[in-house]
Structure formats: structure tokens, C-alpha cells
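Chemist: TrEMBL lists these features:
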type	residues	note
TRANSMEM	A:6-34	transmembrane segment
DOMAIN	A:8-418	domain 'TRAP C4-dicarboxylate transport system permease DctM subunit'
TRANSMEM	A:54-72	transmembrane segment
TRANSMEM	A:92-114	transmembrane segment
TRANSMEM	A:135-159	transmembrane segment
TRANSMEM	A:171-192	transmembrane segment
TRANSMEM	A:220-237	transmembrane segment
TRANSMEM	A:243-261	transmembrane segment
TRANSMEM	A:273-294	transmembrane segment
TRANSMEM	A:314-345	transmembrane segment
TRANSMEM	A:357-381	transmembrane segment
TRANSMEM	A:401-423	transmembrane segment
Amino acid sequence: MEITLFIFILLTLLVLGTHIGVALGSSALVILLIFEGTNLTVISQQAFESINDYALAAIPFFILVGDIVMKGDLAKRLLDLADLILRRIHGGAAIAAMIVSVFFASISGSSVASTTALGKNVVNLLGEKGYPKRFIAGLVATGGTIGLLIPPSLSFILIGSMMGIPIIDLFTAGIVPGILQGVMLILVTWWISRKNRWESEFHNIKVTPKMIGERFKSSSGILFLPVLILGGIYLGIFTPTEAAAVAVFYALLLVIILKKTNMRGVWTMFKGALLQSGMVYLIIIGGALTAFMLQSLGLTQGLINLIAGSGLEAWQFLLITNLLIILLGLFLDGISVIVLVSPLLFPVAIAAGIDPIHFAVILTLNIEIAAVTPPVGLNLFVMSGLTKIPVEDVAKGVGPYYFVLIISLLLVTYFPQLSLVLLK
Amino acid sequence: NSETSGSEQETHEIIMTHELPESFFKHEYMEQFKELVEERSDGRLEVTIHPSGQLYTDGEAVQNLGTGSVHMVWPVSVHLEALADEYGVVNLPFSLEDETVLQDQQYREELTGLLDSFVEDNGIKILGLMRTAEGIILTNDREINDMQDLSGLKIRSVGGHVANELLGAYGATAVSMPATEITTSLSQGVIDGVNTSPDGWIDVVGSAASHGFVVPEMQIFTYSLAADKQWFESLPDDLQQIIQETLDELIVDQWEESIEMDKQFLEEVSNDFGEVVRVPEDEVAAWREKAKTVHESFEEKHPDAMKKFNEIRD
Amino acid sequence: MKLLSFIQDKFVIGVGVGFFVISAAWMIIEAISRQFFSKSFAISEEVVVFSLVWAILLTLGASGKKGFHVSLDLFTSKFRPRFLKLSNIFTCIVGICYAGFIMFAGIEYVQHLLRTGITSHSPLRLPMSYVFLAVPIGMFFLAMYYLQSFIKEIKSKGE
Ligand code: NA
Ligand code: NA
């Protein structure tokens with residue numbers, strides 16, 4: 001009864017265009033106050049504690065790194081390098097863009113940050129070469145999603161801090177699935193370009209080692225960033241959260257050395273990243289209130305008992321879970337989905353004998369899909385904004401890539417080894 | 001008269017909370033407490049336990065005593081230092097001895113009374129101490145045999161002034177770090193060691209640490225049984241008495257079981273992946289001597305608390 | 001209202017960004033100091049997290065003003081102008097109630113923290129009442145943002 005009412009209020013608020021964080025939080029509040037008589041102090045406390053978390057500090061820092069890289073034109077240098085190297089194959093520039101997306105995933109912690117940072121440059125480069133806008137938009141939107149799977153990753157940080165799983169283990173678990181998916185996306189890009197005969201007049205283009213050398217030099221600064229981030233984490237120089245701050249300072253240093261900004265510009269970038277993070281945090285607060293409500297109603301325990309009593313096998317549970325999360329992902333953004341389902345599904349998954357780390361990777365892949373599925377997909381929105389074409393058209397541009405995402409999801413779901421192989 | 005008989009019929013809810021999974025023995029003791037007080041009060045006391053931090057973590061719960069959302073919580077005693085610095089006296093190195101606590105009921109009562117006096121102005125009533133565990137220092141691959149081995153190591157501290165200063169006294173650096181980052185940081189070498197408990201070794205750190213080091217009775221960590229003072233005092237006298245007596249009974253059993261469990265956990269680790277070094281009795285004096293600086297700096301800040309604490313012990 | 005806007009846009013954001021910079025800088029300082037000088041600060045975790053909590057909460061409203069808070073526009077984009085205006089007004093009211101409610105709950109909690117005098121755990125020993133003040137203050141500015149949007153929506157003529 002309570003849960004039905006909750007869903008009804010939530011849907012009404014969402015349909016009327018209430019901010020997602022506010023919609024989540026206020027529907028939960030209504031239920032808590034009417035049915036549970038929850039103490040006021042508990043509510044304010046939950047709101048505070050949901051963001052009072054060391055690991056979450058990485059969120060604004062990773063958004064900031066993306067901003068700095070974008071404003072400093074660092075992504076463009078990389079893109080030019082990859083484009084030059086691949087100029088002599090079908091769809092060279094498109095493949096270059098996809099490769100840079102995968103590379104960029106090892107710098108950026110979020111898919112939106114990846115998409116935003118690369119978006120404008122890719123649109124310019126591929127636009128000049130005559131690729132259709134719809135395809136370009138779809139490519140960048142999809143490429144951005146790997147940002148969550150390859151470390152560093154906001155999704156893993158969020159799950160790790162909520163569920164108490166070591167973040168570095170989650171990072172490690174994402175590497176193989178991330179690379180696997182990246183390779184598939186690159187191959188599909190090549191296949192689409194070839195089929196459409198895009199950039200097929202390449203036979204007489206000259207590319208000399210000297211040209212490559214020059215571009216390599218100009219992008220060496222940014223090429224070193226993932227080494228710093230991942231090397232720093234895995235060599236034990238700093239924690240995953242600190243890595244985010246180190247990346248900020250390195251990127252800042254880079255753009256200051258390149259004279260792309262001054263102190264005023266730095267301040268503006270900090271401001272921009274902080275305000276963008278507000279979006280994530282408003283959802284985290286609303287999600288925490290929702291999670292608290294679900295727990296107060298005993299829904300988590302009820303669901304565990306239900307699954308345990310139903311005799312569902314792990315694979316069936318995973319199938320249902322995937323469908324459920326994809327359904328949620330149609331309407332909610334990734335952060336909201338994680339915040340909403342983690343407290344509910346992790347205990348159930350563990351009870352069903354599924355490794356929580358494996359489950360975190362599955363959840364993250366679902367979130368990736370959510371970012372590019374209409375009606376609500378943040379990457380779609382970003383690319384729609386950049387290319388000035390409707391969201392539906394961006395989604396159509398994602399077209400063939402949906403297959404890759406679904407296949408990755410199935411592989412990761414039913415081959416836990418992919419996620420766990422790098423962990424002892 | 002009718003008024004008292006009315007209040008005697010009334011049922012009183014006790015909302016309790018803790019942050020551990022239900023499989024932990026603190027939860028079992030809360031369950032026992034629930035069963036006993038409900039039975040002894042003929043159902044006039046009604047206990048609700050929120051496990052696993054579902055309502056609050058222990059630190060949050062301490063913060064919320066007095067709001068009516070939680071009535072009783074049994075946090076590690078370090079949490080009470082956030083209300084009164086003097087409370088740290090019970091966390092000082094070598095301040096508690098298992099035998100004394102177990103044997104001497106008067107000592108237990110006086111100690112509880114002293115601790116209670118530190119936080120009563122904050123609206124909190126201390127009803128007793130339970131034993132959390134004996135502290136252990138875990139390291140990744142280097143073995144610790146004597147004091148020099150600790151020098152220069154970066155060790156994740158349990159937190160609180162006292163524990164940090166203690167590590168400093170032996171030349172180690174106390175690192176503060178969220179619990180979720182411990183295992184990683186230890187295996188990656190961000191830190192060299194962790195100050196924790198035997199069950200923390202099994203449940204949190206695992207095989208990321210292969211060496212454990214214990215100085216007998218240097219660190220006996222405790223849980224403080226803390227209640228909302230105003231709420232507690234508003235209960236009818238007989239119910240207050242039932243609660244206090246039930247806790248007094250449980251404390252002794254719990255203390256013994258905790259000692260036993262420390263032993264079991266360390267045996268388990270020794271059989272599995274780790275080695276435990278225990279400082280022999282005749283060397284403990286040297287450790288005690290070095291830890292004096294911690295006592296001295298505490299005494300400087302809180303001479304009164306120190307004096308009263310020593311009086312109780314002697 | 002003008003003064004409020006000024007406070008919100010210049011002062012509050014400035015303070016928020018300041019806290020954000022402190023948070024980032026302190027994290028680096030801790031990492032470098034621990035790694036290269038074997039010195040770790042017991043206050044680091046609190047400096048980093050509390051600064052960030054303040055930074056974020058203070059600027060939740062500003063974040064909305066810049067249009068960063070996401071909502072579902074699948075349906076609203078198809079609403080008739082008159083109905084859209086009504087739904088916008090409604091969502092603003094929901095926002096005001098939500099932020100206002102947490103603000104009041106927060107004030108109550110701050111009072112409780114003042115009574116007990118509880119402090120943070122690190123050697124900073126910050127009174128938690130001050131730390132927690134970020135909730136009511138932040139929610140006040142979030143509520144103000146929704147109030148301003150509400151007034152703007154009322155004044156605007158539905159085309
Ligand atoms: Na990433
Ligand atoms: Na979606």
C-alpha cells in the first residue's frame with residue numbers, strides 16, 4: 001500500500017517536471033511522515049549523512065578534471081593525434097573519436113563528463129569530414145558511457161561508498177569489461193563507416209612519422225594523465241579518492257603551462273564543476289531519503305525473503321534485475337538508479353550468492369545503457385545540445401551501438417570471470 | 001493512587017540501534033537484553049533494535065540521543081570523546097585490566113559512575129561498559145617484534161586523541177582514513193599497518209595483513225552503554241532498575257565471551273593466513289613506560305579526570 | 001529580493017567555491033605529506049569532507065539557477081503552454097516545501113546539537129552544530145531559488 005502510494009506520487013511529480021532529486025526526496029518524505037511518523041531529526045540527519053562521505057569527494061573533482069580538459073583544448077590534441085594515425089582506413093576519424101573516448105574513460109569518472117569533454121571537438125572534426133550529425137552525436141554519446149566502466153568511475157565510487165566495498169576492487173573489476181566493450185564499439189564504428197563508405201577517399205593521403213611525432217608531442221601532457229591516475233592508485237601512492245584531486249591539479253598545471261587559462265579562469269572552472277556536482281548531490285540526498293524509507297518499511301528484508309523463498313536461481317535473479325534496472329534507466333539517470341536500487345538489490349544479490357563486485361559491474365553496465373536510452377539519457381541530452389538535433393535523433397544515431405551495449409551486458413552478467421579475473 | 005497505577009500499565013518503547021551486521025555478538029547481546037527486559041517488565045518495556053546502521057551508525061546515534069529517535073546505543077567508547085574529552089581516560093593505554101573488571105563489581109560501578117559524570121551535562125546516561133576487543137596492530141608483510149620495528153610506520157589509527165598519541169609515542173605515524181579504504185591502502189602500501197581488533201582482522205582487513213602484533217592489555221577497547229538521560233530518568237523507577245540490573249548481568253558474561261572470542265579469532269587467523277606476535281609479560285613494562293607520555297599529556301589537560309580514575313583503580 | 005539575489009549569486013557562491021578549493025587543496029596536501037614526508041594529519045578527512053559538504057549544500061540553489069538540476073521533460077515538452085505554466089508553478093511549490101521542510105528539520109537538529117555540545121572526532125573538535133548548520137542554510141538558499149522561480153513563473157505571461 002505505502003509503496004504503491006510512493007510510486008504514484010513519484011511518477012506524478014516526475015511527469016509534471018519536478019527535479020528528480022526533489023521528486024525522490026519529497027515522495028519519500030510523504031510516506032515517512034504519514035505512515036512511519038518518522039522523527040524530523042532523522043530526516044535532516046539522513047540528508048546530511050548521505051553527502052558526508054569521504055569517497056564522494058571524488059565526484060566534483062572528476063567533473064572538474066573533465067572541465068579542465070575541455071576548456072584547455074586538451075581533448076582536441078588527442079583527437080588530432082588519433083585521427084592522423086588512423087587516416088588511412090575507413091572511417092578513420094570516427095574510429096579515432098571512439099578510441100579517444102575509450103582512452104578518455106581512464107581520465108574521466110563519469111559518462112556525462114566524458115561526453116561533454118569530447119563532444120564539441122568530435123562534432124567539429126567529424127562534421128568537417130562529412131559525417132552525418134546524427135551518427136556523430138550517437139557515437140560520442142555511446143563512447144562517453146565507457147567512462148563509468150574503466151577506472152576511475154563515479155559509479156564504482158558511489159557503489160563502493162554506499163555498500164562498503166573497496167573502491168579499488170571495483171575499479172579493477174571494470175577494466176576487462178571496459179576494454180572488451182571498447183573494442184566492440186571500435187569495431188562497430190569501423191563496420192558502420194565502411195558500410196556507409198564514409199571517409200573512403202583515403203588512398204592517396206600522406207601521413208609521415210614526423211607529423212605523428214609532432215602531434216604526439218603536443219598531446220604527451222594529457223597522455224600522461226591516466227598513467228598518473230591509475231599508476232598512482234595501483235602503486236599505492238594515493239587512494240582512489242585522492243587520485244581525483246591529483247588529477248585536478250595535474251590537469252590545472254597542464255593548462256596553466258599551456259597558457260590556456262589564468263587564476264580567474266581556474267576559479268571559474270572550480271565554480272562550474274561545483275554547480276554541476278550540485279545536480280548529483282541533490283539526487284543523492286533524495287535517493288538517501290528514499291532508501292531510508294524503503295528500509296523503514298522493511299522492503300529490503302521483504303524482498304530478500306521473497307527471492308529466497310521463490311527458489312529463483314542466480315541467473316534468473318540477474319535477468320530480472322537487468323530488466324528492472326533497464327526499465328528504471330529509461331526514465332531515471334544513472335546516479336538516481338544507483339542510489340535507488342543499490343541499498344535494495346545488493347543485500348538480495350549477496351543472499352542469492354552473487355559476488356557483490358560482479359554485481360556492481362552489472363549495475364554499472366546498466367547505468368551506461370541508461371545514459372543513452374530515451375526518454376531520459378543524460379548523454380543524449382548533452383549531444384542533442386551540442387549538435388542542435390532532437391534527442392530522438394541522437395538516440396537513432398546510437399542505433400547499432402545498442403546491440404554492443406546489450407551484448408556486453410549479457411557477457412558481463414553471465415561470465416562473472418570477466419569482472420573478477422584481475423582480482424585474486 | 002490512580003496516576004501511578006496508570007503509568008505502571010503504560011508500555012515504554014526502547015529504540016536501540018547499532019551499525020554491525022546481525023551476525024555480530026553485539027547484536028546477540030542486544031537481543032538478549034530485549035528478551036530479558038521485556039520478560040522482566042511483563043511487557044511494559046518494548047525493545048526495537050535497528051541493526052546494520054539501518055537507522056544510524058553508532059556515531060550518529062550518539063549524536064541523536066535526546067532527540068527521541070533513539071534511546072540507547074552501545075558505541076565504542078571513542079565516540080563519547082566527541083561529547084567530553086575527559087572520556088578519553090578509559091581509552092588510555094593500559095588503563096583497563098580484564099581481571100579487575102571481571103572480579104570487582106564495585107570497580108565497575110565506580111568506573112561507570114565516573115564516565116557518566118563526564119557526559120551527564122550532554123544529556124547522556126552511561127549505564128556500563130562492555131568489552132569490544134583487545135587492540136592489535138596489523139602489518140602487511142613486515143613482522144613486528146619490538147618497539148623499533150614500529151618506528152616510522154604509517155598506521156591507520158582507530159581514531160581519537162589517545163590512540164593517535166599512543167602510536168606517536170612508539171614513533172609511528174597515525175593515519176586517519178575511512179574504513180572502506182583500509183584494505184586497498186594496506187595492500188597498495190599507502191599505509192604500512194592498521195590498528196584494529198582481532199575480528200576487524202577477519203572481517204575487514206583479511207589477508208591484506210599477514211602479521212599481527214599485540215601488547216597485552218595495552219588497548220582494551222570498550223563499548224559504552226549509553227542512553228538518553230532525560231528519557232531514562234522519565235521511566236518509572238522499577239523499569240530503570242530492570243534495565244540497569246539486566247545490563248549488569250550481561251556485562252560480565254559479555255566481557256568473558258569477548259576475551260574468548262579474541263582468542264578464537266586469532267587462532268583462526270593463525271591457522272589460515274596470519275602470524276601473531278604477543279609481547280611476553282616481562283617486556284610489557286617497557287611498553288608501559290613509553291606509553292607514559294600519553295598519560296602525561298592527558299593528565300595535563302584533564303588532571304581531575306585522571307586523578308579520579310586512578311583513585312577508583314587503586 | 002535584489003539584495004537576496006546579490007547575496008546568493010556573489011557571496012554564497014564565492015564562499016562555496018572557496019570551500020571547494022580548500023577541500024581539493026587539502027586532499028593533495030595530505031597525499032603529498034603522507035607519501036613524501038611520512039606525516040599524516042588526523043584532521044584531513046574532516047577538513048576535506050566538511051568543506052565539501054558546505055560547498056555543495058551552499059550552492060544547491062545556485063546550481064538550480066544555472067539549470068543543472070535534471071528533470072524529466074518527456075511529458076512537459078508536450079504540455080500546452082497554459083498547463084505547462086501550471087505544472088511549473090506546482091513543481092516550484094514542491095521544491096519550496098521540500099527544501100523548506102528539510103531546512104526546518106535541520107534547524108531543529110542544530111538546536112539539539114547545540115544542547116548536547118557534541119563535537120567532531122578529529123583533533124579539530126568542531127562543534128557538530130556548526131558543521132550541520134550547512135543543512136538549514138543550504139536548504140534556505142535552495143528554497144529561495146524555488147521561490148524566485150515561482151515568482152518568475154507567476155509574473156510571466158503564458159504565451
Ligand atoms: Na573512467
Ligand atoms: Na535512459
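Cβ atoms are placed via backbone N, Cα and C, with glycine included.
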Chemist: Using a Cβ cut-off under 8 Å, which residues of the same chain at least 6 positions beyond either end of the transmembrane segment (A:273-294) come close to it?
Modeler: 6, 19-29, 31-32, 36, 42-43, 46-47, 49-51, 56, 59-61, 63-64, 67, 154, 158, 300, 333, 335-336, 339-340, 342-344
Chemist: Do at least three C-beta pairs under 8 angstroms join the transmembrane segment (A:220-237) to the transmembrane segment (A:92-114), pairs 6 or more apart in sequence?
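Modeler: They are in contact.
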Chemist: Per the 3+ Cβ pairs under 8 Å rule, pairs at least 6 apart in sequence, do the transmembrane segment (A:314-345) and the transmembrane segment (A:243-261) touch?
Modeler: no
Chemist: Please report, as numbers and ranges, the same-chain residues at least 6 past the borders of the transmembrane segment (A:171-192) whose CB is under 8 Å from any CB of it.
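Modeler: Non-local partners: 89-91, 94-95, 97-99, 101-102, 105, 135, 139, 142-143, 146, 148-153, 156, 198, 233, 240, 357-358, 360-361, 364-365, 400-401, 403-405, 407-408, 411-412, 418-423.
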Chemist: Which one of these stretches, A:54-72, A:92-114, A:401-423, has the most C-beta pairs shorter than 8 Å to the transmembrane segment (A:243-261)?
Modeler: A:54-72
Chemist: Suppose you look only at the domain 'TRAP C4-dicarboxylate transport system permease DctM subunit' (A:8-418); what would the mean pLDDT be?
Modeler: 87
